[in-house]
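According to Swiss-Prot, the protein carries these features:
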type	residues	note
ACT_SITE	359	active site, proton acceptor
BINDING	7-10, 21, 73, 78-79, 140, 155, 170, 224, 329, 347, 362, 373	UDP-N-acetyl-alpha-D-glucosamine binding site
BINDING	103, 224	Mg(2+) binding site
BINDING	376, 382, 383, 419, 436	acetyl-CoA binding site
REGION	1-226	region 'Pyrophosphorylase'
REGION	227-247	region 'Linker'
REGION	248-455	region 'N-acetyltransferase'
């Protein structure tokens with residue numbers, strides 16, 4: 001049985017923010033959510049979050065995790081003091097306790113699984129995750145024997161020049177046999193310059209204690225300021241894009257592209273520069289996205305091309321072409337083999353297969369049939385100042401340039417709307433509708449000059 005305790009009481013002063021540090025976002029999730037997610041493959045029986053600064057705000061933001069338990073550290077007196085707060089709620093627990101920092105969001109689930117397996121296989125009282133840093137300056141060094149049993153931890157300022165050659169540092173992730181840790185936690189003393197209780201001091205009372213090196217030292221990056229948050233985001237993006245490159249996706253300029261973890265990509269998808277894929281987005285096989293596009297919470301079908309466009313909460317059917325400079329939002333449904341082109345905006349609109357909206361149009365609250373052609377400058381006037389109203393357009397209907405369809409309105413099938421028309425009444429099937437004032441010509445007319453008006 002495994003319990004998880006996450007240290008999340010700190011303010012994060014160096015973030016220079018009113019938001020608790022663990023609630024800052026990294027790739028669409030808060031730091032603490034990422035830490036929690038990394039533990040889920042362990043199937044923990046208990047998940048305890050130790051809160052302090054803005055405790056109520058952290059509780060509120062974590063309501064999506066219904067099985068969490070919260071304990072409060074009213075004074076932030078060190079890591080050992082934080083774990084002491086779980087003693088009352090862990091009474092009678094038999095198993096292991098995994099202790100993690102809420103601001104270390106890049107740990108891989110496999111690393112924690114390996115750590116727990118090592119801990120249980122060797123029946124350790126404690127197992128400490130360590131990392132070999134290229135430049136460990138400022139970090140305490142961890143010393144162990146050839147069998148990876150801990151010998152001692154020495155702070156950087158106390159190391160000899162020879163000891164500073166050791167690159168192994170404490171990653172701040174621990175797995176304890178709870179029955180052993182519970183006995184020593186009350187004995188911790190704040191005998192240091194900071195007058196804090198350190199969890200590493202508890203390790204001195206435990207035996208056996210082993211260390212385990214993480215495979216990639218970037219996993220243990222802690223977030224203390226915005227610069228480190230940006231570094232973590234780049235590491236996270238590199239992981240995601242590397243995985244997709246291996247899976248058969250072409251990413252033409254990885255440094256200019258961002259992809260959320262929740263995105264799904266088919267084989268032979270091509271992502272061009274300056275493209276951003278966010279949220280619950282799915283892009284099917286053979287589609288080409290970008291350059292310069294943003295797609296969020298949308299499903300793009302097979303062999304679709306999206307160029308310099310923004311798509312959110314929408315769906316695009318197979319073999320369609322979107323853009324350049326198209327904006328689809330709020331549950332737009334595009335059929336197969338459609339063309340939606342330059343400077344077109346759609347909101348809450350469905351268009352059937354082989355329908356074209358090629359230029360300079362706004363369609364809102366509209367339903368279009370198949371093989372419809374919307375002329376340049378066509379507008380659905382769907383808002384009367386109070387309510388939104390629907391527009392229905394039948395199959396194979398064509399609207400001329402600069403048409404206005406004043407909703408609520410229905411156009412039948414095979415209708416042709418003359419250019420420049422403003423349509424205010426329903427139109428039956430198979431007709432030409434012209435709704436514009438006849439052109440008037442006044443021979444010999446001249447405008448009054450400005451000099452004449454001054455007289």
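Quick reminder: no glycine exception, Cβ is built from N, Cα and C everywhere.
The Cβ neighbour count for residue 21 (UDP-N-acetyl-alpha-D-glucosamine binding site), using a 10 Å radius and every protein chain shown, is 26. Each residue contributes its Cα atom, and for residue 140 (UDP-N-acetyl-alpha-D-glucosamine binding site) and residue 419 (acetyl-CoA binding site) those atoms are 77 Å apart.
Across 376, 382, 383, 419, 436, which the record gives as binding acetyl-CoA, the greatest C-alpha separation is 22 Å.
If you draw a 10 Å sphere around the CB of residue 419 (acetyl-CoA binding site), it holds 15 other CB atoms from the protein chains shown. Here the region 'Linker' (227-247) has, by DSSP, the following mix of helix, strand and coil residues: 20 helix, 0 strand, 1 coil. Using a 10 Å Cα-Cα cut-off around residue 103 (Mg(2+) binding site), the recorded positions 7, 21, 359, 376, 382, 383 reduce to 7, 21. A strand conformation is recorded for residue 7 (UDP-N-acetyl-alpha-D-glucosamine binding site) in the three-state DSSP classification.
According to its DSSP assignment, residue 383 (acetyl-CoA binding site) is in a strand.
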